[in-house]
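Engineer: Pasting the relevant annotations from Swiss-Prot:
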BINDING   His127, Tyr131  heme binding site
REGION    145-173  region 'Disordered'
TOPO_DOM  1-8  topological domain 'Cytoplasmic'
TOPO_DOM  30-173  topological domain 'Periplasmic'
TRANSMEM  9-29  transmembrane segment
Amino acid sequence: MMSRKKRRLWIVIACGIGLSTAVALMLFAFRSSLSFFMSPEQVAARHPPPGRVFRLGGIVQANTVVMGTRNGAPYTTFRITDGRASIPVVYTGVLPGLFRQGQGVVTIGAMAKGDSEFMASTVLAKHGADYMPRDVEMALRKAGKWNPKFGPPPNAGAWDDKSPAQIEASNNG
């Protein structure tokens, strides 16, 4: 026969194991619904697996926006940069009215197979003269492209590291 003290200890241990298992299962299930933020530099360094949904934020790189239609739907390609790296983005749908080159955006989507393009399902554009999404602001600070004590974010159009001919060739080829 077990003493009361040992029985109480076993009950506490069993409850602890049960609670730990429940928390672990809950966190595992919750992880699949999370959408992490990444900057273009982080995407280039980490190469997230195709199909994994995450947020990509930065500045729309100058001279990279190409709009058209595909199967009757609006279709847009552009590049998002943080000043250190740029990632090509493909979006099918109507862009927000405030979307333009040199502005901050956050896109939600996943990398396509082959790790070549980010397939965005949602594009969120900057709204307001002084607004900058916090994650984009942190990525720009880390890249050394912006320090808020020196004023508004820099003109992202100055970050264009390709000629228009190179951009057109990379968008079509």
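Each Cβ is built from the backbone N, Cα and C atoms, and glycine gets one as well.
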Engineer: Counting by DSSP, what is the helix, strand and coil composition of the topological domain 'Cytoplasmic' (1-8)?
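Structural biologist: Across the topological domain 'Cytoplasmic' (1-8), the residues distribute as 5 helix, 0 strand, 3 coil.
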Engineer: What average pLDDT is reported by the model for the topological domain 'Periplasmic' (30-173)?
Structural biologist: 78
